[in-house]
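Everything on this sheet refers to the single structure shown next.
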Amino acid sequence: MTGYLLMFSDTGHNWRQHRQEDSLGAFPGNSNADTVVQYKLEQAVIARYLRLIPLDWNPTGRIGLRLEIYGCRYTSDVANFDSSSSLIIRLGVRPSRTTMEVISLKFKTLKNSGTLLHAVGQRDHSLTLVLQKGRLGQLLVSVGSLLDDQHWHHVKLERLSTHLNLTVDKNTQQHILSKIFGGLRTPIHGLQKPILSNKNFHGCLENLLYNDLNLINLAKQNNHQVTVVGNVTFSCAEPVSVAVTFAHSQSFLQLPGLMSWSSGVFVIALEFRTWNKLGLLLTFDLPQIESTVWLYLNEARLRLRVNKVGRAPLELSAGSGLNDGQWHLVEMNSRQDRLSITVDKDEGATAHTSIPLPLTAESKLFFGGCPVQQSSQECRNPFNMFQGCVRLLTLDGQTVDLIKVQQRLLGNYSHLQIDMCGIIDRCSPSHCEHGGRCTQSWSTFHCNCSTSGYRGATCHSSTYEQSCEAYKHKGNTSGHYYIDVDGSGPIKPQLVYCNMTEDTAWMVIQHNNTELTRVHSSPESTRHSAHFDYASEEEQLAAVISQSEHCEQELSYHCRRSRLLNGAPFSWWVGGPDRGQVQTYWGGAQPGSHQCHCGLQDSCLDSNYFCNCDADYDEWANDSGLLTHKESLPVRSLVVGDIQRPGSEAAYRVGPLRCHGDKNFWNAAFFDRETSYLHFPTFHGELNADISFLFKTTSSSGVFLENLGIKDFIRIELSSSSEVVFSFDVGNGPLEVRVETSIPLNDNRWHSVRAERNVKEALLRVDEFPATTKGAPADGHIHLQLNSQLFIGGTASRQKGFLGCIRSLQLNGITLDLEERAKITPGVRPGCPGHCSSYSYLCQNQGLCAEKAKGFSCDCGQSAYTGAFCHKEVSANFKSTVSVTYVLKDPYEVSMNSSAWPSSIYSDMTLRGENISLSFRTLQSPALLLYVNSIYREFLALLINKHGVEYKETFFYNLAADFVLHTVISKIREKEITISS
C-alpha cells in the first residue's frame, strides 16, 4: 500500500479523518516490501478504533501491509448530561488575584448549542462557557467551529488577573477582562437555568479539572462539595448517527422508492450541512406525468422545482443562509391536496403548493448528484452537485440504513464517504490577516480585504507605502497619505500628511492642540498642564520615529514674568515612548542640559541665565526651538508653572511631530563579486511569506536570495536579462513562478521585485508588469520549514551570485540591515550610489536631477517652477503696464484674526532679519523689479537699468537686460544689507 487515509473513532461509527497541517489528509506508504515507514502524529489521537483507507497500492500485486501502533495509557473520568441534569460544585479554596487559575476539560456532543460551564467568583463576578452554533465562547471570545460532531474536543481556560486565554483543541484566543475575577467559587455544568434559553448542555464531559483537581472524580465519590442534579451518569452515551459525505464531483446516492408509495403521498426528510450556496439535494423523475423534480440549494436558499412538459416550471423556496456549516432539517411533504417544503421546522420557513407528486416503488431517488453514465431520462442535474454532509435520511419516517448502502445491500452510490462527515471549517482559524473577512465553500476559502487596507489572497500585503519618502519616489506630491510603517506586519496603516519639498519628504503627524495657547495668571492655581493626543496610535508613533533618520517637534514658550528653569524647574514637559519621561531642557537645547536654545548660543537676554524667560522681565520674551532628540519624542504633556504671581503671563505651542528620511528605503548593499554574499538568520514565513526589494545590475543572471530547509527551500533569482524566477518547495514538490519583462532588467536602473507565498497561492511582480500567480495544490502541505541561514546575493551551494545593488530588502515587513552586514563582509560594500539613472524622469520642466548619498533631489534653479519635482509654476509674464501688490501682515495680526489673542505677546519682539530672493529675465531697462515699504516709512527698491540691478540708487551688479535668467538674493540683517546674484 503506497498511500492511505487514517481514520479514528470511539465507537466504530462516526469516523473522523486525521489530517496533517490542517489540510493534508493522505499518508505516503511503502515503496517496497521491506522499508519501514514511521509517522509520529503531531496531535495525539485518543480513540478506540483506527481505520486505514487504501488510496494507492502496487499495481502488480495486492493490497497488504504490516502495521504497528504505539501509544500510552489513558485515564478517563466521564460524566453524561441529558439537557436536564447538572453538577454543582462548591470550592472552598479561593486563590489570590495573582494566582493562575486553570480549568480544563474535554467534551463531545451532537447539539450545536448549550451551556458547558458557569462559574461564580468573588463579588458575584461570573464566567460562562457557552457552545453556540458549534463554536465555544466566553464573553467576546469565540473559538473553534463544528464542535457538534460527537468527537472529543479539548478546552482549556487560563486566567491570571485580568488576562484570559481560551484554548479549544489547538486554537487560542486572548481576552482582557474589564474586572479582576477573584477566584472561582461555584462552577456549574449543564445549568438548570441556562444562559441560552432551552439550551442546556447535552453530551459528555471528560477529565474536568480545576487547577489539577478532578471534579468528576469528586462527583463519583459523592463528595460533599458536589451536588448532582437530575440524571447524571458516569459513562458516555454514544448515539449512533450515520452521516454520509458528498465531496467528489461524481458523488451520488441512489435509493429505491418504498413499496407503500402508490397514491402520491410521501414524506422525505434529511439533515444536511454545507458551505456551498449551490447544490442538488434530491432529484427524481415522474414518467407518469412527464415531470422531473429537483430539490436544490440556490443562493443558500432551499428551492423546489417541478418541470412538466408543456407547462411553466413550478417553483417553491424556503429558508436562507443555509450554507453556514450548521445542520439544517429539510422535509418534503406530498399530500393529495398539497405539496410543501420545510426548513428547520418552526425555526425555518415552509412553502406550499397544491400539486401531487406520484412517487411509486419503482421510482429512483438520486441524492447529491447523478451517475456519470446514467440515462438522461432517469437523472438529470442542471444544477451544481452537492458538496456537504447528509444524515438522518428518512422516507416516510423510516430511517435509511446507510450502512446497508455501504455494504451494497441497498441502492447504489459512488464516491461517498459513509459513516463520517468530512466537513472542514477553513475559516477557523482564519488565514485572513489584518481583519480580512473569511468566507468559504466546500473546497476553498476567500478573504475579503476590501476594508482592511491590505491585499492578496490572505490580506497579507499592505496596499500602502511605508513612508512619505517611498511615496515621493513614486512621483507623488504633497498631500494626505496612508502610511504602513511595517508593511505586512501587525501595525495598522495611519493617515499622515506628506510635505514633499525639493530636498526632503516630511511626514507630519498632528495632535489635538498645535495652536498657540495662552495661560493666564491665577493665585488659586500654581500650575497648568496639557496633554497631547496624537492622530496615530502608540505603536505607529514608535515605528515612525524609529525608522526615520530625523524627527523634530517645535516647542515654543512665550513668557512675561513667568520663569522656566531658574535653578529648580518651574515648567517641564514629558516625552518619549510609552508614557514618556520628564524633560527639563527646551526647544533647541540638548537632552539633560537644563537649558534653552539661547543658553547654548550664549545669546540669552540675561547672561546669568540659560533661558530668556528666566530673566523674569516685565515684557514678552520667548524660548523657542526644535526638539530633535528622537528618544525624547513625541511630546506627550506639558506642565507650566510660575503663573500664580501678579502680572505673570505665558503662552506655549507644541507643533506637530515631523519626521523625514526612511532608513529602510535607502538601506542598500553593492555586490562586486559573484562569490560574495550576505547571510542572516533563518527566515520564518511558515504560512505567509512576502519578500520585496529593489535591484540594479548590468549582469544577465544571479541569485538574489536563498534559504534552505531539510527538503523545503525558497529562492528568488534573475534567470536572464528579462526574467525573474520565484521558486520554493513546502513539501509538495518545487513550484516556480516566473515573470518575463518586455525591457531588459540589466540596464543599471532600479527595478522592484515583490514575491508572496501563502496557503492559497504564490505571486510574483516585477516593476509594474502584470503579476504572475500560481495556486497552491488542494489539501497539500502548507508550512514552509527552513533551518539554514538566509543568503543574500549568493547561495550556500556557491552557484552564480548576484552582481550589482540590492536595496530596501524586506521580509514580512522587516527590513534587513544590508549596510551594517556589508561593512564586515568581503566583496560587499554598503550603500549604492547612482539614483538619477532611475529617478531623473521625475524632475519636470527642465529641473535637473541631483545625486544624493541616499536618493536624489530635483534642482529647479534653472526653471520657472518649484516643488519636489519642479512641478509648481511660480512665474508670471509681466507687461509694462502690469504689476502685482501683496499686503503682508505681522504675525500677531494673523493671530488676532484667528483666535483673538492680544498683540502684546508679539509687540515686544523685534524682527531681526528678512530674506528676499527672485529670478527674472527681461530685455527691458530701466524697470522696477521690486518695491517694499512699511508703516515705519522704510522702503526697499530693486531696479534694473541698462547696466545692471540697482538698490536705493546704488549700483551693485552688472546684470544686463539680456533675457538670460538671473537670480537676485537680498539679505537684510538689522542694518546690514547683502545683495548677491
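Glycine is no exception: its Cβ is also placed from the backbone N, Cα and C atoms.
Model, not experiment: these values are computed from the prediction.
Taking Cβ-Cβ distances under 8 Å and a sequence separation of 6 or more, the neighbours of Cys805 (disulfide bond) in its chain are Ala668, Ala669, Phe670, Phe671, Phe695, Lys696, Thr697, Cys832. For Cys805-Cys832, the entry in TrEMBL reads disulfide bond.
TrEMBL lists 1-72 with the feature domain 'F5/8 type C'.
Positions annotated as domain 'Laminin G' by TrEMBL: 77-236 (among others).
Residues or ranges marked as domain 'Laminin G' in TrEMBL: 242-421 (among others).
Proximity of distant same-chain residues to the domain 'EGF-like' (423-460), defined by a Cβ-Cβ separation under 8 Å and at least 6 residues beyond the stretch ends, is recorded for 19, 135, 144-146, 171, 245, 247, 273-277, 325, 387-389, 482, 484, 488, 492-493, 687-688, 690, 756, 758-761, 763, 778. The annotation domain 'EGF-like' is assigned in TrEMBL to 423-460 (among others).
Per-residue confidence over the domain 'Fibrinogen C-terminal' (459-511) averages 93 (mean pLDDT, predicted model). Annotated domain 'Fibrinogen C-terminal' per TrEMBL: 459-511, in sequence order.
Here TrEMBL flags 667-832 (among others) as domain 'Laminin G'.
Annotated domain 'EGF-like' per TrEMBL: 833-871 (among others), in sequence order. Note on the domain 'EGF-like' (833-871): DSSP counts are 7 helix, 12 strand, 20 coil.
Most Cβ pairs under 8 Å to the domain 'F5/8 type C' (1-72), among the stretches 242-421, 667-832, 833-871, belong to 667-832. For the domain 'EGF-like' (833-871), the list of distant contacts is 469, 472-473, 475, 477-478, 500-503, 505, 661, 666, 696, 748-750, 919, 965, 967: same-chain residues at least six beyond its ends, Cβ to Cβ under 8 Å.
Per DSSP, the domain 'F5/8 type C' (1-72) is made up of 0 helix, 22 strand, 50 coil.
Residue counts for the domain 'EGF-like' (423-460) under DSSP, split into helix (H, G, I), strand (E, B) and coil, are 0 helix, 10 strand, 28 coil.
The Cβ neighbour count for Cys832 (disulfide bond), using a 10 Å radius and every protein chain shown, is 24.
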